[in-house]
Amino acid sequence: MASATAPAAAVPTLASPLEQLRHLAEELRLLLPRVRVGEAQETTEEFNREMFWRRLNEAAVTVSREATTLTIVFSQLPLPSPQETQKFCEQVHAAIKAFIAVYYLLPKDQGITLRKLVRGATLDIVDGMAQLMEVLSVTPTQSPENNDLISYNSVWVACQQMPQIPRDNKAAALLMLTKNVDFVKDAHEEMEQAVEECDPYSGLLNDTEENNSDNHNHEDDVLGFPSNQDLYWSEDDQELIIPCLALVRASKACLKKIRMLVAENGKKDQVAQLDDIVDISDEISPSVDDLALSIYPPMCHLTVRINSAKLVSVLKKALEITKASHVTPQPEDSWIPLLINAIDHCMNRIKELTQSELEL
């Protein structure tokens, strides 16, 4: 009886180079949710700040190098073989995983604000590398000119920014407070410009007038191009805008004062108090944006009142938290009642001007 010959083990067939890149992009994107919610790695070892930042920067350099290599080999023909591509993909995946592993070494007790900044940088690097994989997975004849280099550059920029990340929670808090000051400053300037011009949609209307000058008809009037009065402020609207602008100015003053106190009196080891200050300050800019958007016509006075009240609540909470923290020594807190009085004055005026809306 003839012995049966065992079948030879099947050799797995590698996917094409471009398919491997697409698969790697998917794998990298699956890492993003984990990074967003991932906790710091628990360890009994004392945190070594210098070693952490050195390892993080080295990991970023490795990711940047892999991005460079991949961009070069996949931006020209002939493409690498499936076996070569597999090796490239494994190196990229390993570099990204190594970077994420270093991020997880940053403990919470170093500050939530600092950890958020490092997490954001980590997400930028992972997402940038995934974008690069997706762009390079398009064949060179289909790829838009320089598109691969643009995506590669975004990864490179994210890696290059690692040394600029604040090294402690106080520096991280100052960075976030500065961003919030700038956001509120921009919103205030836009509001002031619109009020000075008395024409909030001037740019839009000018474009519309040019586009419709040759075919203006009755239908345009009905649709409001450009004569719809809903695009302009009434006298009552303009009167209400005045205390709203003052309230936004108070918001800017509040943030600038908080930033100054953190810069002058903030202590690096008081991470929890600094985090609390940043958390409440982060709510000011979105509240200012809501109020700014609500003043554009057609203006709903009740919405303006509600958004103003929300902003006032956030401002008072920010002042309360700042006053109770170590950044505000008691002799230096006299400015807080003055600012609260200014905020209350603005809100009371807004209430007066919108009272009729509540009586309808």
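For all residues, glycine too, the Cβ spot is worked out from N, Cα and C.
What you see is a predicted model, and the numbers here were worked out from it, not measured in a lab.
Residues annotated as N-acetylalanine in Swiss-Prot: Ala2.
Sequence annotations record features per position, and here Swiss-Prot assigns region 'Interaction with TCF3' to 2-184 (among others).
The region 'Required for interaction with CCND1' annotation in Swiss-Prot covers 2-208.
The region 'Interaction with RPLP0' annotation in Swiss-Prot covers 2-190 (among others) and is backed by experimental evidence.
Taken from Swiss-Prot, the feature region 'Interaction with TCF3' covers 150-360 (among others), and the record attributes it to experimental evidence.
Annotated region 'Interaction with RPLP0' per Swiss-Prot: 240-360 (among others), in sequence order. Across the residues of the region 'Interaction with RPLP0' (240-360), the predicted structure has a mean pLDDT of 95.
For the region 'Interaction with RPLP0' (240-360), the number of residues in each DSSP class (helix H, G, I; strand E, B; coil) is 100 helix, 0 strand, 21 coil.
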